[in-house]
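Below is one structure, written out as structure tokens; the observations come after it.
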Amino acid sequence: MASNLAPIPELYVSYESAQKLKVEAGSLVSHDLTPRQICDLELLMNGGFNPLKGFLTQEDYDSVVETMRTKDGALWPMPVTLDVSEEFAEKVELDQDIALRDQEGVILATMTVTDKWVPNKSREAEKVFGADDSAHPAVNYLHNHAGKVYLGGPVTGIQQPVHYDFKARRDTPNELRAYFRKMGWRKIVAFQTRNPLHRAHQELTFRAAKEAQANLLIHPVVGMTKPGDVDHFTRVRCYEAVLDKYPSSTTHLSLLNLAMRMGGPREALWHAIIRKNHGLTHFIVGRDHAGPGKNSEGEDFYGPYDAQELVRQHQEEVGIEMVDFKHMVYVQEKAQYYPIDEVPEGSTVLNISGTELRRRLSEGLEIPEWFSFPEVVKELRRTKPPRAKQGFTVFFTGFSGSGKSTIANALMVKLMEMGGRPVTLLDGDIVRKNLSSELGFSKEHRDLNIRRIGYVASEITKNGGIAICAPIAPYAATRRAVREDVENFGAFVEVHVATSIEECERRDRKGLYKLAREGKIKEFTGISDPYDVPQTPELRVETEGTDVDNCAHQVILKLEQMGLIAG
Ligand code: PPS
């Protein structure tokens, strides 16, 4: 299969029309795109999502969800939808044009809204991702981040989203096509990745290209990947280091601003279509491609070869050939890599799993040269120092008067005594005075308060400090959202201070329970307002019959056990 490298259609208008549209769009209702929508819009506009011409209409959406095809029969496995809030949706009439802006307010496109509907998100989760289980990152996104209403309709492209990083490494489908034409490349294998490349990847990609007698495109995703992945800045520096290891002029590196859904088989097929649009002829699909990890029962969402099977079934229709990802292992006696099924008998096979690599990085242990390139390891260590040097957040939750603040204070002092990292205490009362002074205790206000704490804690964690938070934080969903914010940067240690409501009321240190019983304080947690007991906190401490020092010590032991402080 050789590539047809003619340009593919884009949704951009000419420069002159774009200037005119920009001015006219000043009077349109504006939607501020989310980071994921910006990624989707970029690929819609530049032809990466060809044949889509806009965000899916309701008919197309239903058809894509049910059959992986648009209503016209084009193969399209992934819903690309514009989710908005109910308030925003109310402002928009059908056939109205709206402006799509980035987070700084720069207009990127206009869209004629032809459809507006409330999707059945559970059905979308079941059909597209295989289960309505929020352990799946895309299902979690669907239920907890995406707006309630979808808008659909054609998009008119005004300008590309602005990227300040790695500009020279980003290519539109037509730019890549032009590059391949210029280089005379007719067969090109794409390697999709969201991880740093090590020697085994370099070997397998080079081998795949050689076998297909093709050139190689390293095509990593730099839009949105799985929460917890190595950030793309670090990864791109690593890819650049690996690029030197291929014979010169055989291999190219280009960054793809895709927002992954971790949708396994459907996602693999989507990736293949996107690569076809970028002018590629071959696509490497591995074991558990775009896999989301374990479901809430601890089982895999998809079978290890489901993705390969689905891509194989549709490869002819897509016009891209699937290449099997060969699992490469290092053979000690030969001092070289072999596909696992070609290892000479009786030889010693060495391999380091992803989990083992993360462990070695987090504990500052040696990573051998046969496994990775020293330049790559250096970059990874620079970004991720060992756990005992990283930032983290300890998040206490419990009733008012449960002892959260007292234990948090004791913990802070103990951590400061140890030294090494700055410590900040975000106690309920301190926060309410300095960050949330205008807020009350309605669900909405409590959520806002906790999200603010989460934001500050995540910034502290990102910058290598220790954040200790001690609010009531009564809602499980909000605590989960904070966990997600923090875990982008470091560990989140939830500590449930499990003092019973009866004991808190008996202690009634601030006299608030009495007032709550008398109805003088409304919406009082545990009395007249709910508290979701944490189901799986990292630690639960009982304060009844245990002194504060001992409770704080239990937290210290937990932190040691998690490798967050040196033992
Ligand atoms: S929340 O729900 O997480 O936003 O609450 P938080 O910011 O931790 O604030 C709790 C402190 O405010 C006092 N207080 C109340 N608590 C619960 N419910 C109601 N209605 C209420 N009104 C005032 C109370 O003293 C809490 O302090 P702590 O330190 O938890 O005892």
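Including glycine, each Cβ sits where the backbone N, Cα and C put it.
These features come from TrEMBL:
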- Gly398, Phe399, Ser400, Gly401, Ser402, Gly403, Lys404, Ser405: ATP binding site (BINDING)
- 9-159: domain 'ATP-sulfurylase PUA-like' (DOMAIN)
- 170-382: domain 'Sulphate adenylyltransferase catalytic' (DOMAIN)
- 390-541: domain 'APS kinase' (DOMAIN)
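With respect to ligand 1, the binding-site residues Phe399, Ser400, Gly401, Ser402, Gly403, Ser405 contribute Ser400, Gly401, Ser405 as residues with a C-beta closer than 6 angstroms to one of its atoms, given in sequence order.
In this view, Ser400 (ATP binding site) is surrounded by 24 other Cβ atoms within 10 Å of its Cβ, with every protein chain counted. Among the binding-site residues Ser402, Ser405, the residue whose Cβ has the fewest other Cβ atoms within 10 Å is Ser405. Here the binding-site residues are Gly398, Gly401, Gly403, and the one with the most other Cβ atoms within 10 Å of its Cβ is Gly398.
Local packing around the binding-site residues Phe399, Lys404 was summarised as the count of other Cβ atoms within 10 Å of each Cβ; on this measure the leading residue is Lys404. In the predicted model, the domain 'APS kinase' (390-541) has a mean pLDDT of 96. Taking the centroid of the Cβ atoms of Gly398, Phe399, Ser400, Gly401, Ser402, Gly403, Lys404, Ser405 as the ATP site, the other same-chain residues with Cβ within 8 Å of it are Ala470, Ile472, Val497, Thr499, Cys504.
Taken residue by residue with DSSP, Gly403 (ATP binding site) is part of neither helix nor strand, so it is coil.
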